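Peer 1: As annotated by TrEMBL, repeat 'WD' applies to 10-40, 56-102, 103-133, 142-173, 181-221, 221-252. Residues annotated as domain 'PFU' in TrEMBL: 356-454. Look at TrEMBL and you will find 483-754 tagged as domain 'PUL'.
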Amino acid sequence: MAQYHLSAQLRGHEDDVRGICICGDTGIATSSRDQTVRFWTQHPEKKHEYILSKTLVGHSSFVGPLAWIPPSDRFPEGGLVSGGMDTLVLLWDLHKGEVVETMKGHTSQVTGLAVDNNGDIISSSMDCTLRRWRNGNAVEVWEAHKAVVQTVLKLPSGELFSGSSDSTIKLWKGRTCLHTFTGHADTVRCLAHMPGLGILSASHDGTIKMWALTGQPLLEMIGHTSLVYSVDAHSSGVIVSGSEDRSVKIWKDGICVQSIEHPGCIWGAKFLENGDIVSACSDGIVRIWTTDNNRFCSDEELAAFTDLISQYTLSRKTVGGLKLSDLPGIEALQVPGNSDGQTLIVREGDNGVAYSWNSKELQWDKIGEVVDGPGDAAAAPGQFLDGVRYDFVFNVDIGDGEPMRKLPYNRSDDPYVVADKWLLKENLPLTYRQQVVEFILQNSGQNNFFPDPSFRDPYTGANAYVPGQSASSTVSAPKQTFKHIPKNGMLTFETAQFEGILKKLSEFNATLSSNLEQKQLSLSETDLSRLAAVAKVLKETSFYHTSKLADADMALLLKMLKSWPTQMMFPAIDFLRMFVLHPDGATLLLKTIESGNDVLAETFRKVVTPPVQPPNVLTTLKAITNLFDKPCLHQWLRIQCAEIIDSVSSCKPIFSKNAHLAYSTLLLNYAVLSIESKDEQSQAQILSAALEIAEDDTQDADSKYRALVAIGSLMLNGLVKSIALDLDVQSVANTARASKDSKIAEVGADIELLTR
């Protein structure tokens, strides 16, 4: 089919463009993080261009979903409905440019809007509800899902659908759920009508699915490498999608026929009636794409856009794991080094070049260009990562649409130690361990490697295990009894998108500042700057031994955790998650608790008190899991064990896939801690909770694996083996052994050995 080309660029928004609404042949409405809705109409002479007609100001925070009301006696030029982070649904008279109805009732962000045939407005929200509004009043309210409702869709034929963070789609008749569609592995973010066939869904699992109205899956489209935020279909059968991966993709018969790169995340993509595509980008620009050469933009505008993409790509280019744009220029070589052999990487044109300080000659000696080959499975020897030189820096493709991960390795390292540390650092399942080791050995040319018989895995306490390797006369390793138990180390969630956390904190802070009743809760510009400085310290993990955090940093976190509204807490909790991994952060937190200000317990109780907010639960689970990394906080964890497990267990109905994994990781850490402290009562509670996960057929493999390792560890080294036998752990072991997942089958075999 014909390829899409840039037609027009609509500039006016001052921040991310979040939503698109096609308003018949009247124009295009867009919403933005800049708190406005903007209405664009065709240029009177240049039909392929659009001009800004109206700017609608009324929301106090960023605006998301939009819906169109065709012209009528009440609205001669049509009406618009908008939903915002401020929890409001606003109805606009487009002719007057004014709000005519303000609908209040949602307790969290409005995520989706639809207009019924009778004029009713239907809204979805992060408060897990759907609401039907008539004449500005809520006439129906119901809990549609146990997790965040992300989108709502009303078909011309009358069917109403909702999509949720629980990964399901529901079909409604009134407040009655007629059918639940299952198949996605993560949040369902967007729904769209597929004329003549059914509906489309876009998901955070990176896929787009087509469904019949009966719930039967018809087609799956795979191609995006990150979260898919938007999907739409044209009457011709062509489909468009937009993603966090910065691309708009066009699909025909399930095949991606074109991918259009953008200089930012794509929040929305919609078809115009003529087949043109409108895209909403995080760079604040709305773009229109066409296959009609009569509507192509000028050569100059196309060249400028192409150059923008090139510059954007270059700005994100990395060398040796470092952003090229962040490297110092060659002028940095004018400054003498601090010690002989000190390495410095500088930017020379489009490349990073490494130099070593020669203290004898008092000069920087050139080592060579730093190579960062993103397309190669294995990198050339002698590479840099985060400024450190290694024999190898491998690019590891873990599949599932995930980006390449950097794995540094020196020939003198033990590959098992490297694999374990890397998996924990990258927050990847320990079930990948053997695959990573084999990858290292193969790509480093160490195929004759034999494990050190004195080696003890810091996480399992066992010797390195290499499947299929016969005993060697030079290796007297003891016979393996168990492959996966006991578990002796603590797992943590060490990766964080600090830019996203800070952006969300700033966004919530702006909302508080604009509210007279809540203004005193907001942070000052100085406070926000300090948070950014703390984030920079937390990013630089290799300097934790010298970097410092202060009481004032803890005080900032305290203010947000103790005073901010519950629905705004999750980015602050996520910040705390990383804060406690810093030695000073853990010490400051303990000092605060010991002073009688137990912010941890207070925050936890807020989070688990109904109505529960799923983002709060996920970030809290991860934050508590990270506490296990610091022995100084183990006593607090022991004291709170029963309350934490009981309260979290009651929140399981709203868990996302990631929350389930975080919960099983929390239980695994608690298993290790309770074994160390010989606490039989806690062990029994942890065992019971882990068995629930192991017996749940809906759990994913990683969550189930960690729960099974907890069970096996408690049986092997704990005090609850007889309790486990009474709870029919034999059946759990048998089921696990029959699993198609090799690691689950292996740990099932470990547990079965313990039942004999």
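Every residue number used here counts from 1 along the chain in the order it is shown.
Glycine too: its Cβ is placed from the backbone N, Cα and C atoms.
In TrEMBL, annotation is done automatically, which means it is predicted and not curated.
Map these features onto the structure and tell me what's around them.
Peer 2: Look at the repeat 'WD' (10-40): DSSP puts its residues at 0 helix, 20 strand, 11 coil.
Long-range contacts of the repeat 'WD' (103-133) within its own chain (CB-CB distance under 8 A, at least 6 residues past either end) are made by residues 64-69, 81-85, 87-91, 139-154, 158, 160, 162, 172, 567, 611, 613, 615, 654.
For the repeat 'WD' (142-173), the DSSP-based tally of helix, strand and coil residues reads 0 helix, 18 strand, 14 coil.
Mean pLDDT across the repeat 'WD' (181-221) comes to 94 in this model.
Long-range Cβ contacts of the repeat 'WD' (221-252) within its own chain (Cβ-Cβ under 8 Å, at least 6 residues beyond either end) map to 1, 4, 187, 189-195, 200-204, 206-210, 258-271, 275, 277, 279-280, 289, 401-403.
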Peer 1: Checking distant contacts: for the repeat 'WD' (142-173), what same-chain residues at least six beyond its ends satisfy Cβ-Cβ under 8 A?
Peer 2: 65, 111-117, 122-126, 128-130, 179-182, 184-193, 199, 201, 203, 205, 211, 213, 215, 614-615, 653-657
